[in-house]
């Protein structure tokens, strides 16, 4: 099979491509015969394909399929018996072959940047048998590149920085553009760089894309940022080449090329003399056009009469010099100060020393203003002593204060009573002499810390404070006593001379040479036969037994008076009683029982007799309980004598709420008795504020009259009682509103006499309701007749 002839137009296109390709190697077509021949007993089959590679231009936009080339087999005699078959990459989809002629066409637009070549296979088949007449052969279709891709900056846009004042040619940044066209074919992918914007400050190397400074001494303080536009163009920058652009932002970084400078040669500030220590007097700042570390500076006072009075430090955030006060100001001593202050950069660049010096000086004058100051004591703390035996009015000491101002106003003194709540001391307002105002007790408070106030006579608001520590000197005014509450025991089997207790003493006083106590028994106890006392001469004493044979049954507790004397002048003494209990001890002398035991003597009764006595006692108790119970349960007869007085009570059934409070029983006989005067009954829910009116005694009159007077008397009491009316009474208000439909259900209307209700049936209810039937019945005697 061999490469066929091409059409004339296509041939011209191929010739033009070959002229553009310098040094391109193209394989010559080679022929091989399919006829085998034999040599030296060996058989070799020659290749029958004319093998080659085809070239086709990319981006073909014609309406007809693009002719690629022609395949031809030597077996093909041109009679149509041979059929050509194409397989491989893009076969049938991109490339098609004429099975009769072997012509290959491209049916789609090809892009070399997507795929640079296609590998295909071709074979000749017998049309009748569909069997290959030759082995399959492989060939390549290469896509010929055209300049259809512009250069692109894949990393753009760019940002870069370069120090200010850099020399010409200082590299800033390198930009790179890529072209997707074939770099091995022509100049389609050969890119050159140029600068479209940013001149004359910067330049770019055409081949490498390195951006460099083009002007010397660019000043950041004048302009700190530049925007560059860089172009990349293929075809070596020739006309007709494609191009792409990117932006580069170049920032000039700061260098220390500006020295600090004070805006003024001198400053003046006024401060009051009362300004506290560490207060800020002033803030000054030297201007520096640099930024960051290049603008950092330090301040120091290099000269002046305020070197020890003021100091200066740096505010790291604002780079200001902060002048603060170190010593208290006194207008009367000095009225002004002068300071020479230097500001200098901390990081100096040796390359720019010629622009210096990188420091500056200024003068600061501080004027001290007079302030009305409070009085000042001659001493911050006064220490005084006084004996606790000092009498009232004893002089303890003197304090002194003066007005530091030029006016020197008189000073008056007083004691801050918050520091002397008990008012133990007084002070003379004019002289400052401190005296005792009450008796002192060192044991209560050994040191008194008081505050003395000094005020100007002309301006009492100006107050100075002095502190006085008054120490109370001790005298021997407290007698010694036991150091603790002793619990002393002695065993019943104790032997004579046995130590049962060691005692010591304490004294609230504080003698200069320490305590020395002397112990002895009192005169009345010195000759006792039970115990003795031994003074150990070391502020302790030992209690010993004088005999043996202690018995709890005879005496369980002994009281031993001990006389203790101190060594003060004059000496004081006290008598302290030591309680000694007799105990039953074990073999080791450890107390087991110290309480007196009750010993029961034999009564001569047997156990059975004791049980019988106890049974009789229990029987008597049970009988007494039964008798009491029966008396309480004694029932009254069902039928009552009509003449017997009945104590009416309101009996509640199924009570769902609070009713009236008047549930007390009344003795009918008491109502008829002329000699009995009813006591005033007070309400339970309120406390009356006035006394009830006295009530007259009742005469012997009919029962209905008695009840009527009784009820009217109660109503009268309720009307005149200002505390609170009873639950069951008529209450008058300015406005009560509309009445309830159900009306009152909490009580009976005992005053109304116009009721239409017939209560005659109450007479049939028995003797219990006889009195109620008499009150509400229709008999001739009505309650309110």
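Each residue's number is its place along the chain shown, starting with 1.
Note: Cβ is positioned from N, Cα and C throughout, glycine not excepted.
Swiss-Prot tags one of the stretches 608-628, 629-649, 650-670 as transmembrane segment, and that stretch is 608-628.
Residue annotated by Swiss-Prot as N-linked glycosylation site (from the set 449, 738): 449. Neighbour count (other Cβ atoms within 10 Å of the Cβ, all protein chains): 12 for residue 449 (N-linked glycosylation site). A 10 Å cutoff on Cβ-Cβ distances gives residue 530 (N-linked glycosylation site) a total of 14 other Cβ atoms nearby, all chains included. According to DSSP, the domain 'Cadherin 1' (49-153) comprises 0 helix, 48 strand, 57 coil. The DSSP breakdown of the domain 'Cadherin 2' (154-262), given as helix, strand and coil counts, is 3 helix, 45 strand, 61 coil. For the pair residue 449 (N-linked glycosylation site) and residue 530 (N-linked glycosylation site), the C-alpha distance works out to 53 angstrom.
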